[in-house]
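TrEMBL annotations:
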type: TRANSMEM; residues: A:16-36; note: transmembrane segment
type: TRANSMEM; residues: A:45-64; note: transmembrane segment
type: TRANSMEM; residues: A:70-91; note: transmembrane segment
type: TRANSMEM; residues: A:98-120; note: transmembrane segment
type: TRANSMEM; residues: A:157-173; note: transmembrane segment
type: TRANSMEM; residues: A:204-228; note: transmembrane segment
type: TRANSMEM; residues: A:240-264; note: transmembrane segment
type: TRANSMEM; residues: A:284-301; note: transmembrane segment
């Protein structure tokens, strides 16, 4: 009875929406990454593992260099490297992209623990490493507006970066040469090749970009609010991004909305942990809602296709 | 004569030359063997030859998509070594591929500039792209809608876009690979006018075709390819179509079919008023009705893409037409599944043996048993018996003279002709009442063609009903007892007196120029 | 006469295994202070005692089940990973029935296995149904659903089966009637292995000797050809994933009854992901699954011994696994060798 009340209360808190943006950030970055690789014609299943490795590398490098930015760069570079390994196997050696992705995820989940143990002697988390965090940023003027300031200001720098990147990715596909080439290569590689576009090179670039964005997502996870790496900390966010990417259908802005839907669920789940809803139901909710949203989206697309043909036939 | 010709060429200037080109594909297939080609500046030069004669391979090498194993290519007298099509484009070549090289979700203007974009790296100049499209379009009288998406425009417009793309990139030599296959007769006419205009503007055109009347109507000279070898270059006016055919095939054409006079039995199969509109809103089948009797070969002629594929799909059950009826021996098949229709007695050799007719990665055995895998014939104690499967497969392969190593090897290891014989053998063995042969001899060697045609006649002798769909007019004419001609989804011609019909007459129907009266066409259907 | 293709597959696989082993040796030398001990235990550890050797068999049981399930799904041309949820939920179902039900020995495990397989089949059908009816990609939906069923499982155990005294996440103890007997005393080699082999044989027959298996293979290899051959591909997609789900669910039950006295899977075990490599090593052929599972379980047991007896951790296995998968599925890996062989054969044929 008061579960409903509790949800209403939660939804009226500005902090809730702040947390929504926070939770959405890694998924948003990864969604953008997934979108770029998918539009270039390769589905990047290795995002989950890429994010995990980047999170790990960020923590380790920042701890040893005592520079948060160096850690961040290392995380991004790790994302770049992993996606290039995937690219090499898929594009050069013609491996199945899905299975190679699964292999890299396996590698990431075991490999990070393996190295973590080498460094710290522990397998669970990097608590003993003095790793650093990236800063949060207050936005002048906006921070002073009531409610809106509480929701939009004071976020982690990567949250703002993610929001800016939404525009960048949208712009890239719409207006830049690279964006055009990525679309062409993904949609009809033969056509792209016939006009002198280097198909392989464009695909490598697209996968690299997806790795870089996912690397940022990994850095956010371990160097954002938590400030440590724990094994399996990505918790399926790389897979969630596959669903949000599919819902976005190539549109970065829709991708942002889908990621915010996840952020919304995740944030709600966090707020309701103290309620009397069983904890596990709260934990499974983001996944369930995303799978429902994704399926509904697919059903809608299918429905529209059929309607179009029916209409054409009736016209006849 | 050869020397004299040579002299003439020297005077006019050779813009493109292929000298002693040989191409061996991995796997040992020799597609081109010492091929020579000389293209004069400002001519329309036809490259003719049968399927598999090596035309496409040669063009791909000229356009940098393939590397010749041996031989040289010269552009404007200078030897070139293309490593990709961009090299060829830079050298002034442009290619209009048979399958258009376009990105459907992009606009016409975007497709035009793709790879050679206007504006800066970070900002493609779309306005300028549209402007250029309009200018080029006007200059060469090739009308396109610059701002429409390619997926929303007609095939004819897509072809114009393809030509414009080449021109935008500065091509002065245009290669067109069977450009008329997707066009209606009117569009073909229009294309020819535009090509002639291009020639007047100083462009050189290579026109690949196996349609001799088109070559005659459009081209100055032609080079004939057979089995990967050049059979010479001639002035188009120099040879009759008969002579050209002989050079293409290597002997007198009319692959003479010996068959007894027709002895039709009762009506086996009918379709009535089949209608189908695809999801682009295009009418594919328009009130198609006909019947086939025992011992009758009913040929369907028509330019590719005029509803033949949809007709076959509607009969075998992989496509649900919006209206009409399919009956076999009085039984209504309209709402039955593919399997139920097979069981009612339909066998089907599909138009694309590797896409629809086989699972190329699987073994000969797996591909051979696709019609009988669930029957008792192959089972022992309820389970499929591999010995029986092997014996069954061997039996058919041997009967149909398929060359193979063992029955466990994959279909992809066989040549086209052998795959087709496997498919035909499988469908014959099913002992159907109606046999559908869709492009049964497309792209296979002459030996296999002869073999398969003989088998078709043999089935007719066994009083089977046969539906033969073919884009090859000589095939339709030599095999069929009765011919229907399809044009834009409709039956426009019904020919009972096949012996006194010529390819030219069929051509008129196919082009939509000639059309029989409705009452006459309705005669193709009987209860 | 073996075709070039077949020979090529074998040679390539051998090379991939060699690369993986070489890489693990290199890693061990790089990180370990006692590399020889580590290497010895990794590769020969399982042979040191009867108990360890039979641990390999016991360890291969869940791998056989998921390998069969994934192999079947791959063979049908689909990429559902729902076997993870099926296996986990199969385990939870087992826990519930082993704790709550009182049945005579012999009957108890059979009932549990039937129910776990049923539940697995139902869960397995979900991504397939979503694909057939809504065209939702089965990989995406299955990955999400895995989390959903995992948390549902945790909830069930915490709420209804938890042992409050245990201090950690664990269910109450299973009834003794619900455990699978050990075959060789002093080892973990339990009846479950025989069940796994029986399922292997059944699936082999299903895939290669029945109408349905043929339809699966054709649909997976060329769906267009399947359609033209009158095969109902939607039915094949759904049934395949139901059967695969049932096999995985059964695997969860067998593993729980064979190896555990109480349910304590706080994380989902990675058996479904291991199933991917088993499926690939076996070329999706059920006949070869037990061998592939034995191979992986052998490395696993060796790695466990290595991590106990030396300073190298057993997560090394996932690195080996990843390298194996990458190289085995790389079509163009060693393509040069293949072309050379083909050329040799073609020329030999001509001479």
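Keep in mind that glycine also has a Cβ here, set from the backbone N, Cα and C atoms.
Note: TrEMBL annotation is automatic and uncurated.
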Seg_contact(the transmembrane segment (A:204-228), the transmembrane segment (A:98-120)) with at least 3 CB pairs under 8 angstroms, min sep 6: no
The transmembrane segment (A:240-264) in contact with the transmembrane segment (A:16-36), cutoff 8 A, at least 3 CB pairs, sep 6+: yes
Stretch in A:16-36, A:45-64, A:70-91, A:157-173 most in contact with the transmembrane segment (A:98-120), if contact is a CB pair under 8 A: A:45-64
Chain residues outside the transmembrane segment (A:70-91) and at least six past its termini with a C-beta under 8 angstroms from it: 37, 42, 44, 46, 49-51, 53-63, 97, 100-101, 104, 108, 131-132, 134, 200, 203-204, 207-208, 210-216, 218-219, 222-223
